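Colleague: Per Swiss-Prot, the feature signal peptide maps to 1-26. The annotation disulfide bond is assigned in Swiss-Prot to CYS29-CYS66, CYS30-CYS58, CYS42-CYS52.
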Amino acid sequence: MEVVRGSSLVLLVLLLGALLVSQVESKSCCPNTTGRNIYNACRLTGAPRPTCAKLSGCKIISGSTCPSDYPKFYCTLGCESSQCATNSNGDAEAVRCKTACSDLCQDVDDA
């Protein structure tokens with residue numbers, strides 16, 4: 001009984017390790033929030049990554065950095081989510097914050 005439990009535990013650890021490695025190996029980069037939402041909804045149906053990427057306009061990469069044609073979006077999105085999300089001073093303030101992020105990230109495309 002103890003041998004069965006031990007081998008089951010080893011098998012479980014190996015399967016979890018394989019799952020984590022496959023999660024780390026590939027990443028999707030999407031050009032906008034709509035594309036990300038389409039990709040995520042597609043993946044929830046169980047469709048393969050390449051199919052969902054093609055449908056949504058996203059790219060599957062093996063590294064950790066998105067392609068050079070995506071940086072402005074990620075700069076703006078990161079700025080807005082970290083700086084503007086906690087803004088509780090109304091819509092006008094939120095618009096000013098988002099505009100500032102857009103201006104800050106404007107030169108990223110030229111880099």
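Any Cβ shown, glycine's included, is placed from N, Cα and C.
Burial and contacts for the listed features, if you can.
Modeller: DSSP assigns CYS29 (disulfide bond) to a strand in the three-state reduction.
Mapped onto three states, the DSSP output places CYS52 (disulfide bond) in helix. For CYS52 (disulfide bond), the number of other Cβ atoms no farther than 10 Å from its own Cβ, over all displayed protein chains, is 21.
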Colleague: Any same-chain residues 6+ apart from CYS58 (disulfide bond) with CB under 8 Å of its CB? Would you list them in sequence order, or say none?
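Modeller: Sequence-distant Cβ neighbours: SER28, CYS29, CYS30, PRO31, GLY35, ARG36, TYR39, CYS52.
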Colleague: Just the number: how many Å between the Cα atoms of CYS66 (disulfide bond) and CYS42 (disulfide bond)?
Modeller: 20
